[in-house]
Amino acid sequence: MAKWRCKICGYIYDEDEGDPDNGISPGTKFEDLPDDWVCPLCGAPKSEFERIE
């Protein structure tokens with residue numbers, strides 16, 4: 001699964017881990033995150049994330 005980096009603060013969203021503190025189950029693909037999901041560290045929207053290898 002992919003990892004996505006916040007271009008603002010560097011937070012890594014790992015699809016394997018999800019974001020359990022914010023109700024996102026492990027295995028949730030980035031494109032399947034709710035539209036109102038934001039970076040848990042800085043509050044940046046999904047549009048500020050880039051896929052990394």
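Cβ coordinates come from backbone N, Cα and C, glycine included.
What Swiss-Prot annotates here:
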type	residues	note
DOMAIN	1-52	domain 'Rubredoxin-like'
BINDING	Cys6, Cys9, Cys39, Cys42	Fe cation binding site
Within 8 Å of the centroid of the Cβ atoms of Cys6, Cys9, Cys39, Cys42, which other residues of that chain place their own Cβ, given that this set defines the recorded Fe cation site?
Ile8, Gly10, Tyr11, Pro40, Leu41, Gly43, Ala44, Glu48
Ranked by how many other Cβ atoms lie within 10 Å of their Cβ, the binding-site residues Cys9, Cys39, Cys42 are led by Cys39
Helix-strand-coil residue split for the domain 'Rubredoxin-like' (1-52), DSSP-based:
9 helix, 15 strand, 28 coil
Other CB atoms within 10 A, centred on Cys6 (Fe cation binding site):
21
